[in-house]
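Peer 1: So TrEMBL lists these for the protein:
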| type | residues | note |
| --- | --- | --- |
| BINDING | Gly170, Arg171, Gly172, Val238 | NADP(+) binding site |
| DOMAIN | 6-121 | domain 'Tetrahydrofolate dehydrogenase/cyclohydrolase catalytic' |
| DOMAIN | 144-291 | domain 'Tetrahydrofolate dehydrogenase/cyclohydrolase NAD(P)-binding' |
Amino acid sequence: MTAQILDGKATAKAIKQELAERVTRLVDAGRPRPGLATVLVGDDPGSAAYVRGKHRDSEQIGLNSIQKHLPADATQEEVEAVVDELNADPACTGYIVQLPLPKHIDTDAILERIDPAKDADGLHPTNLGRLVLNAYSPIHTPLPCTPRAVIELLMRHDLDLKGKDVVVIGRGVTVGRSIGALMTRRAINATVTLTHTGTTDLPAHLRRADVIVAAAGVAHLVRPEDVKPGAIVLDVGVSRQEDAEGGKAKLVGDVDPAVAEVASWISPNPGGVGPMTRALLVNNVVEAAEHAAGIEA
Ligand SMILES: Nc1nc2c(c(=O)[nH]1)N[C@@H](CN(C=O)c1ccc(C(=O)N[C@@H](CCC(=O)O)C(=O)O)cc1)CN2
């Protein structure tokens, strides 16, 4: 068996075309043009590339872009001051603080300081709390982008999660912590197991999974012998492998490429969940602007 491809690049392009039309409708209705802001602390090349991608998407769909860049040695107070500034800025509809932050910064305190109504990542405790509380009837809450990206990527390939056994690898805040709350909503109805570095027998969990969401950041952690034939595999995690000869570092996903010979569907990495995460981020900003305008999509 050779797996079919969950094409995140093409799907994200289609979502962004729909979003561009929604932005045009808002502006034509006399509403202010929505704006996405990003806060980047430090010069990590990976984070800087992700932030550039977010602004590219933002411009493509017609959003205004606001970029805040602080040095790696910025203090907690300096980062908080930028957060306060964006909370008060009417040109900023939604924003994200790019993670990870430098080690000396208290990330939880920064995420908690974001105005929940402007939390484009859906990572503020109020929004995560609403996600958990609101299990049966969705209210307007920004949802975390990567978990939503995974679900949207499956839905747009007509893959239903109802009754499926989903095994998620990784308990990080951007994916693992919230994906179970989303996938176990009645409208989706999956059964989710969250595994992590403390899980005693990861291969045993993987071997019985209908769907694997690999978000550990460990290169080629998911091996073909641990995947049930016909399973759906989403490769979310990424590691950078330095080139031994000093060339450009290579991006490596959590899934061994040979898994494509066992799975029924697989998301490539790059080109899978990453572009979808960015599309769902700008989607959150458009939804926030529509909500403010009294329009529900
Ligand atoms: N505030 C946040 N920080 C981080 C998040 C997040 O959702 N919010 N997730 C990750 C990084 N991330 C978004 O910020 C992200 C990762 C990957 C991609 C992406 O499009 N990847 C491309 C490849 C890009 C490349 O070549 O470098 C792909 O998969 O095709 C977008 C966003 C951690 N931080």
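Using the three backbone atoms N, Cα and C, a Cβ is placed for every residue, glycine included.
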Peer 1: For the domain 'Tetrahydrofolate dehydrogenase/cyclohydrolase NAD(P)-binding' (144-291), what are the DSSP-based totals of helix, strand and coil residues?
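Peer 2: Result for the domain 'Tetrahydrofolate dehydrogenase/cyclohydrolase NAD(P)-binding' (144-291), in helix, strand, coil order: 52 helix, 30 strand, 66 coil.
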Peer 1: What counts of helix, strand and coil residues does DSSP assign across the domain 'Tetrahydrofolate dehydrogenase/cyclohydrolase catalytic' (6-121)?
Peer 2: 60 helix, 19 strand, 37 coil
Peer 1: Which whole-number mean pLDDT does the model give the domain 'Tetrahydrofolate dehydrogenase/cyclohydrolase NAD(P)-binding' (144-291)?
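Peer 2: Mean per-residue confidence for the domain 'Tetrahydrofolate dehydrogenase/cyclohydrolase NAD(P)-binding' (144-291): 96 out of 100.
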Peer 1: Given a separation of at least six residues and a C-beta threshold under 8 Å, show me what packs close to Val238 (NADP(+) binding site) in the same chain.
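Peer 2: Those within reach of Val238 (NADP(+) binding site), by Cβ under 8 Å and sequence separation of 6 or more, are Gly217, Leu251, Val252, Gly253, Asp254, Asn269, Pro270, Gly274.
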Peer 1: Under 8 Å Cβ to Cβ from Gly172 (NADP(+) binding site), same chain, six or more residues apart: give me those in sequence order, or none if nothing qualifies.
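Peer 2: Correct list: Ala215, Gly217.
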Peer 1: Taking Gly170, Arg171, Gly172, Val238 as the record's NADP(+)-binding set, what's the max Cα pairwise distance in Å, rounded to a whole number?
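Peer 2: About 15 Å separates the two most distant Cα atoms.
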Peer 1: Which number gives the other C-beta atoms within 10 angstroms of the C-beta of Gly170 (NADP(+) binding site), all protein chains shown included?
Peer 2: 23
Peer 1: Would you mind checking how many other C-beta atoms are within 10 angstroms of the C-beta on Arg171 (NADP(+) binding site)?
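Peer 2: Taking all protein chains shown, Arg171 (NADP(+) binding site) has 17 Cβ neighbours within 10 Å.
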